[in-house]
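Participant: Below, the features straight out of Swiss-Prot:
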BINDING   56, 196, 202, 322  substrate binding site
BINDING   202, 221, 237-245, 286, 322, 438-439, 444  ATP binding site
BINDING   202, 221, 258  Mn(2+) binding site
């Protein structure tokens, strides 16, 4: 295979689209050292160490500003995001660096699809010198058939030079000697200095987030599943809100756990695998994910003892321990292709640590746009004296880190798709209330059931002040005392004080959208203070 068209020369050998069997042998063979080395665990899955980068490095992400992107991309100087600009000259220098690193080596080339829809999918080619990175790509992207591989033509190329270091970073105006950079004219991603596999996965998600909405297709950071009658639900939510847990439901088949599109035919997965967190994983609490960790799965940054036993509770390396596996490692999935019809339920998950939001409320179309653009969740951060103060996070479209267009473009496309399908939106709080405890998973699952089986639409409701949300007064299987968060406080004035605090944060965050007529009009759909 000739890789000279990419600037890679004198390659000693190319292992093209290796099988899982070949990858297992390559990543565990004797003589491998450092971060290239895979360890076989007692569950049969290989475990690797990704070095100092145990997560994405958003500060090292840059995109070439040229005629393609200048007027379409949502740049870092236009809003709080990671889309920092570089010029063609810096790109050329980084490309030389990566191609030099890969030239003269034995390389792995993996071809795959991003997106199950043949009309809009990206044909991805990843070139790397590290076997386990090739394995990660094979797990996470959609695996073409032998027939498809025979005529495969990439329309996006990822060159992963994890072993190279950029010593000229300061004069180039970059953040460090590591880089993850994109060129949308050349349709290429270059990676240098970081070994973290997620840079390839989320890099392609950012590209789908650019190309699809410009074609009127929703591109979503969400999980999706399908009921026995073919009804589809999508779950938006930031990390820790329950996106994976709640969409993995024995009564429903999984379409995907993280990245989806919504076009004229319905909802479709971008990926061929899952990338699950494994910190504190147990067979009892999450049997589906635990049972997916077997041969062909790839663990990252977990602690493996000498006998191959895995300590899932050990966070000494990172809280962000992960496993990637092909989607068919989950038993109850939509087959043969990870796609469904149009969604009729859209669920926004928020873990509110302020104890203000109701466990569930049905949203109007204007509220849907408002809460989608706000993308709110909150965490409890412990302080030295044991006092816990909630930390709010507002992440536009529940995926700010991966947006390449202005957030309003995603909201517009999503709402159009929802209106055409007659879909309803719901805000579900999986966080805390006035009792100081987190809303139980049993109550949250019963709420999700009520949304999916339609019983919530027949429930009596009342309006909650300040946030003006419509709240049901009773739902099957849900403790009625929690449905109005005010009832969980001994003194309702406590709720009101917290609600005013949170409302102020929502209002301040939304100010960035009020420079347009539509954004200014949406203010009325958010919380109101007298």
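Glycine too: its Cβ is placed from the backbone N, Cα and C atoms.
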Participant: Can you list the residues of the same chain, besides 56, 196, 202, 322, whose Cβ falls within 8 Å of the substrate site's Cβ centroid?
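Facilitator: Close Cβ neighbours, site residues excluded: 55, 197, 198, 199, 201, 275, 320.
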Participant: Tell me, by DSSP, whether residue 196 (substrate binding site) is helix, strand or coil?
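Facilitator: Going by the DSSP assignment, residue 196 (substrate binding site) belongs to neither helix nor strand, so it counts as coil.
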Participant: Taking Cα atoms as reference points, which of the binding-site residues 221, 239, 241, 439 is nearest to residue 322 (substrate binding site)?
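Facilitator: Its closest listed neighbour, by Cα, is 239.
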Participant: Rank the binding-site residues 221, 237, 239, 243 by the number of other Cβ atoms within 10 Å of each Cβ, and give the residue at the low end.
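Facilitator: Each of the binding-site residues 221, 237, 239, 243 was scored; lowest Cβ tally within 10 Å is 239.
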Participant: Work through the binding-site residues one by one (56, 202, 322, 439) and point out the residue whose CB has the fewest other CB atoms within 10 angstroms.
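Facilitator: Minimum Cβ neighbour count within 10 Å, taken over the binding-site residues 56, 202, 322, 439, occurs at 56.
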Participant: Excluding 202, 221, 258, which residues of the same chain place their Cβ within 8 Å of the centroid of the Cβ atoms of the recorded Mn(2+) site?
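Facilitator: The surrounding set, listed in chain order, is 201, 205, 259, 399, 402.
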Participant: Hey, of 56, 196, 202, 221, which of those binding-site residues are within 10 Å of residue 237 (ATP binding site), Cα to Cα?
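Facilitator: Near residue 237 (ATP binding site), where near means Cα within 10 Å, the binding-site residues are 221.
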Participant: Just checking a number: largest C-alpha distance across 56, 196, 202, 322 for the substrate site, rounded to a whole Å.
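Facilitator: Value for the max Cα separation, rounded to a whole number: 14 Å.
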Participant: DSSP on residue 202 (substrate binding site), three-state: which is it?
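Facilitator: Helix, per DSSP.
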Participant: Between the binding-site residues 241, 245, where is the Cβ count within 10 Å the lowest?
Facilitator: 245
Participant: For residue 322 (substrate binding site), which DSSP three-state class applies?
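Facilitator: DSSP assigns residue 322 (substrate binding site) to strand.
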Participant: If H, G and I count as helix, E and B as strand, and all else as coil, what does DSSP give for residue 245 (ATP binding site)?
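Facilitator: The residue in question, residue 245 (ATP binding site), is helix (DSSP, three-state).
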Participant: Please report the distance from the Cα of residue 221 (Mn(2+) binding site) to the Cα of residue 243 (ATP binding site), rounded to the nearest angstrom.
Facilitator: 10
Participant: Could you state the whole-number distance in Å separating the C-alpha atoms of residue 245 (ATP binding site) and residue 196 (substrate binding site)?
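Facilitator: Distance (Cα to Cα, whole Å): 24 Å.
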Participant: Please report the distance from the Cα of residue 243 (ATP binding site) to the Cα of residue 258 (Mn(2+) binding site), rounded to the nearest angstrom.
Facilitator: 8
